[in-house]
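Engineer: What TrEMBL shows for this protein is this:
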| type | residues | note |
| --- | --- | --- |
| ACT_SITE | C2 | active site, nucleophile |
| ACT_SITE | K604 | active site, for Fru-6P isomerization activity |
| DOMAIN | 2-218 | domain 'Glutamine amidotransferase type-2' |
| DOMAIN | 286-426 | domain 'SIS' |
| DOMAIN | 458-599 | domain 'SIS' |
Amino acid sequence: MCGIVGAVAQRDVAEILIEGLKRLEYRGYDSAGVAVIHQGELTRTRRVGKVQELADALQTAPLAGGTGIAHTRWATHGEPSERNAHPHQSGSDIAVVHNGIIENHAKLREMLKGLGYQFNSDTDTEVICHLVDHELKSAPGLLAAVQATVKQLEGAYGTVVIDRRDPERLVVARSGSPLVIGFGLGENFVASDQLALLPVTRTFAFLEEGDVAEVTRREVHIYDLDGNPVVREKKESEITHDAGDKGEYRHYMLKEIYEQPMALARTLEGRIAQQRVLDSAFGDNAAELLKDIKHVQIIACGTSYHAGMAARYWLEDWAGVSCNVEIASEFRYRKSHLFPNSLLVTISQSGETADTLAAMRLAKEMGYKATLTICNAPGSSLVRESDMAYMMKAGAEIGVASTKAFTVQLAGLLMLTAALGRYNSMSVEMQAAIAQSLQSMPAKVEQALGLDDAIAELAEDFADKSHALFLGRGDQYPIAMEGALKLKEISYIHAEAYASGELKHGPLALIDADMPVIVVAPNNELLEKLKSNVEEVRARGGLMYVFADVDAEFASDDTMKVIPVPHCDEFMAPLIYTIPLQLLSYHVALIKGTDVDQPRNLAKSVTVE
Ligand code: HGA
């Protein structure tokens, strides 16, 4: 979603700001802009479309100046257009970038209009600039004006404010949208994600909820919600692989699909010993917190929700703990029942998913025994605020459609199943079998990637299709859901997933030759049931694509194309069957010619509600 970069330095900063925005591009956005203070004047350039268009505009008309802010916008209030792109200004003095949503913007807008302010955009953000300008009339300086402003805001914000009359200062404020301060030598930076600043610094301090900070070239002062000075620990970035380039791959998504064996090997490293999963995989304090857990509540959105759905089968079947899974945006707005000895598990690639974060905070108030996050971003809000964290170590994921994060989440959740199983009803033999299965995952995924060419050929069949149906049973049902989500995200084909036992309760009515049906069929105890469902489709003239275990005895014919998947054990099967579905959606999108890495209307890290 929206990205923020800011800098205060002795050198010209426009190039640093643009590079920072480029590094946040993968999150999805519709317009971009930059504002810089130079010789007491505020200059601004904004463009609809890609950051490159903004960069090209700056080539033609460069912006000099050592203090500046920049933004990529994913519109929530007001259409994507140049006048709605950030930075927004109050007159020619104040410029503001903002991530989040100001919920009381309409009321504030009326109040500010009454004070004589004119609005030049349809955004909620613009109220921030005018409020700061108004507060500056009585406040001793920019910091005090921003502190007075944020007290009037309801909703979520990560915001950076500059004033041309006070040119060596950025004032930043965070509530509900992440912000990080990057420390340089005689220059300092701010951003919504440390990734943006890696070319200029590796030393960061993460702002906490309610913090307001004043950043100059040499000093950073941070204040909490009540205005008291606070110290936020400086940390060296743990990001080891810079996500900068696609290497030999045509798209980040394909690169990330192929990185899965490596990402899985990394996530397993040091977490399995003596044929069992170590509690320390979930943090130093995990043994103490996990041992009495009898119930797990999983909260997530999108792809992460599908990982959680698969884990429900495992936790109940194998670990002997009860489990509920819920979409974060639903959980946070309803009353739910708290079972004794409950663990709350959040799953989020970015650790900043707004709904998941809010649900976690709510659950803490409800009195869950402990909170655990399965997360790929060190230092993110979910990691900092949870009692335990399983750090995924998948490496930066740039493609908006999640691939390697999903399979690494599955591996992490399987580890959690084994860890909780040990304190509940799982036999030592099963713990060892899971440990063994986890360790052989990277090699098996490598084998599954060998299906790439066959799937590329198969994808041709989907080029003229507008709908597709995915079927699975048991823990393959969430995999079918994930397959359908991938296809709709990047190829814009309408796809739905059903637990195949549900077919005759409705979706069979949709079956005809124009509705391809994709079936995931590992050789498990539900195979015979699944075969009956396949017959139900065949009898109605449906055309099927069956990803089946080599031993499952499916044979291709006029109505069915069978793609043999390497044989694998039941613990890793959901993860292995994910691979061909990822490849299928990728190849269909290639044929359709869509923007694979940045599909329309979508954003990577969903930091607004
Ligand atoms: N509400 C602001 C910012 C949107 C945002 O944070 N998106 O991720 C706008 O619409 O401009």
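From the backbone N, Cα and C atoms, a Cβ is placed for every residue, glycine too.
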Engineer: What are the DSSP helix/strand/coil residue counts across the domain 'SIS' (458-599)?
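Structural biologist: Once the DSSP states are binned, the domain 'SIS' (458-599) shows 66 helix, 32 strand, 44 coil.
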Engineer: Could you say which of the active-site residues C2, K604 has its Cβ with the most other Cβ atoms inside 10 Å?
Structural biologist: C2
Engineer: Whole-number answer please: how many Å between the C-alpha atoms of the residue listed as 'active site, nucleophile' and the residue listed as 'active site, for Fru-6P isomerization activity'?
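Structural biologist: Spelling it out, the Cα of the residue listed as 'active site, nucleophile' and the Cα of the residue listed as 'active site, for Fru-6P isomerization activity' are 10 Å apart.
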Engineer: Which three-state DSSP class does the residue listed as 'active site, for Fru-6P isomerization activity' fall into?
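Structural biologist: For the residue listed as 'active site, for Fru-6P isomerization activity' - judged by DSSP and reduced to three states - the answer is coil.
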Engineer: Could you break down the residues of the domain 'SIS' (286-426) into DSSP helix, strand and coil, giving a count for each?
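Structural biologist: Secondary-structure composition of the domain 'SIS' (286-426): 64 helix, 29 strand, 48 coil.
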Engineer: Over the span of the domain 'Glutamine amidotransferase type-2' (2-218), how high is the average pLDDT in this prediction?
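Structural biologist: Over the domain 'Glutamine amidotransferase type-2' (2-218), the predicted model scores a mean pLDDT of 95.
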